[in-house]
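Under the heading GTP binding site, TrEMBL lists 107-114, 189-193, 247-250. The annotation domain 'SRP54-type proteins GTP-binding' is assigned in TrEMBL to 268-281.
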Amino acid sequence: MFDNLSDKLNSAFKKLKGRGTLTEKNIEEGLKQVRMALLEADVNYRVAKKVISDIKERALGQEVMDSLTPGQQVIKIVFDEFTRMMGDSHKGLNLEGRKPAAVMLVGLQGSGKTTTAGKLGLYLRKKGKKPFLVPVDVYRPAAIDQLKKIGKQLDLPVFPSTTDMEPLAICEQAVAMGREKGYDTLILDTAGRLHVDEALMAELQGIRKGVHPSEILLVADAMTGQDAVNIAGSFDETVGLDGIVLTKMDGDARGGAALSIKAVTGKPLKFIGMGEKSTDLEPFHPERMASRILGMGDTLSFIEKAQEAVDIKGAEALEKKLRKNQFTLEDFRDQMASVKKMGSIKDLIGMLPGVNTKQLKDMNIDEREFVRIEAIINSMTPDERRNHGIIKSSRKKRIAKGSGVTVQDVNKLLKSYTQTMKMVKKFNKGGMRSLKNMLPF
Ligand code: GDP
C-alpha cells in the first residue's frame, strides 16, 4: 500500500533533509515533487493543490524549532497537513440512542459490502456489542446466502431474509427481532447495483426513513481511486452518509481515494478493509496513515494488533508452565495459533518504522508453515502431545500420514519444539518477550 507514493516522497525529502538551511527555492522544488507524487497517486487535483499551498505557507513562515533540522521541519509540516487532509483524528461509530442501533451499509455491487458486514460484526462483538447481520439485498439470492454463510462462520446471528420480502419490511422485522432477542446493533447489508441508479436510491431513502440508522456507511473499493470519491459524493447527496469504509486497501490501490475522500466529500473515512478475511478491518486513523505514507511506520497500529492477539493471562500461565518444564506440544500449538491470530506477519512487520517495503516483498515468510504445524500436532494423541519423548518411528509415520506430511516434517517440528523449549527457558521473564522468541523461524 502506498509504496510508490512513499518512495517518491522520500526521495523528495532526502534532498531537503541533508541541508543545514533551506531557501524558498529549495522548499518550492521539494514541494513540486510532493505535488507530483500526490497526483500520480490519484489524489484529487484540487485537494493536492490546496494541501501543497497550505504546506508552503507554513513551511515558509515557519517558526524555528531547535530540535528539528529545517528539512525535518518541512516533513513534520507535510505530516500535519496530510493528517488534516484525512480528517485529523479517528472518527468512530456513533451507536448511542436507538436500541437496537442500526449500521446501514450502502455501496455499489462488488465494493465489499457483504464482506464488510461480517468484518464489522466481528469487530463490534470484540467491543462487547451483540451484532445482528441483516441481508437486505433481495435481488440477488447469492447475496443473502453469502451473508448467512459468513454469519455461520463467525457464529453471528443472521436475520432469515428471503427474496420474496420487501427490503424495508426486512429491516423493520429485523429491528423487532433484534429488540426481542437482545441484539443491540443491526448491520444492514443493502442491495448494490453496478451503477448509481434512481430506484436503488429511492429504496435506500425508504429504509433510512423507516429505521433511522445510527450510521450510514458507504463501502467503496479503494482500487477505483477517484471513482470511489465520486460515488461517495452521489450517495451522500441522495441518501446521506455518516462515514466511509474503503475496502481493498491491501491491493495495489495508489492511495488517492484514502487521501482525498474526506477533503472532497466532507465525510470521514472510518474503517479500511485490508484483505478478504473477516479480521482484515482496521479503524482508520489519519495520523497513523500519514505516518505510514511518510515511511515513519505505523507503530501504534502494530502495538494495538499485538495487544489484541496476546492474551496476557494465557501468557502468564504459559510462563509458569515453562518454568516448571511443563510446556507441551499442545501449548506450542496454541502459541502458534496466537501468533497466527495477529494476522499476516508481513503486514505486521510492514507497520514497523524503518522497514523497507521492497525488502519485505523479497522476504519469504511461509505462513502455510503454521497450518502444517497445527495439522501435525492435531494428528498426535493427547499422550504424545504431552510427552513428545514417546514419539518414535512408527508413531511418526502414523502422524505424518494423518496430517498429510512427510516424516521429515514431523522430525523438523519436533526439533523446532525442543529448540524452542531450550530457548524460552532463557527468556522466561516478560510475556511478550518470550513469545517473540518462540517463533520457530
Ligand atoms: P458486495 O457485492 O459489495 O457485497 O461485495 P463482496 O463483499 O461480495 O466483495 C466483493 C469481493 O471483494 C469479494 O471477492 C471479497 O472477498 C473482496 N473483498 C472485500 N473486501 C476486501 C478487502 O478489503 N480486500 C480484498 N483484497 N478483497 C476484498
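Glycine is treated like the rest: Cβ placed from N, Cα and C.
Just so you know, TrEMBL annotations are computer predictions that nobody has curated.
Features per TrEMBL, on structure.
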| residue | record | DSSP (3 states) |
| --- | --- | --- |
| G107 | GTP binding site | coil |
| K113 | GTP binding site | helix |
| T190 | GTP binding site | coil |
| M249 | GTP binding site | coil |
Fewest other C-beta atoms within 10 angstroms, as judged across K113, R193, which are the binding-site residues: R193
Distance-selected binding-site residues near ligand 1 (C-beta under 6 Å), from G110, K113, T190, R193: G110, K113
The one of G107, G110 whose CB sees the fewest other CB atoms within 10 Å, among these binding-site residues: G110
Distant-in-sequence Cβ neighbours of T190 (GTP binding site), under 8 Å, six or more positions away: M104, L105, V106, K113, V136, D137, P167, E203, L204, I207
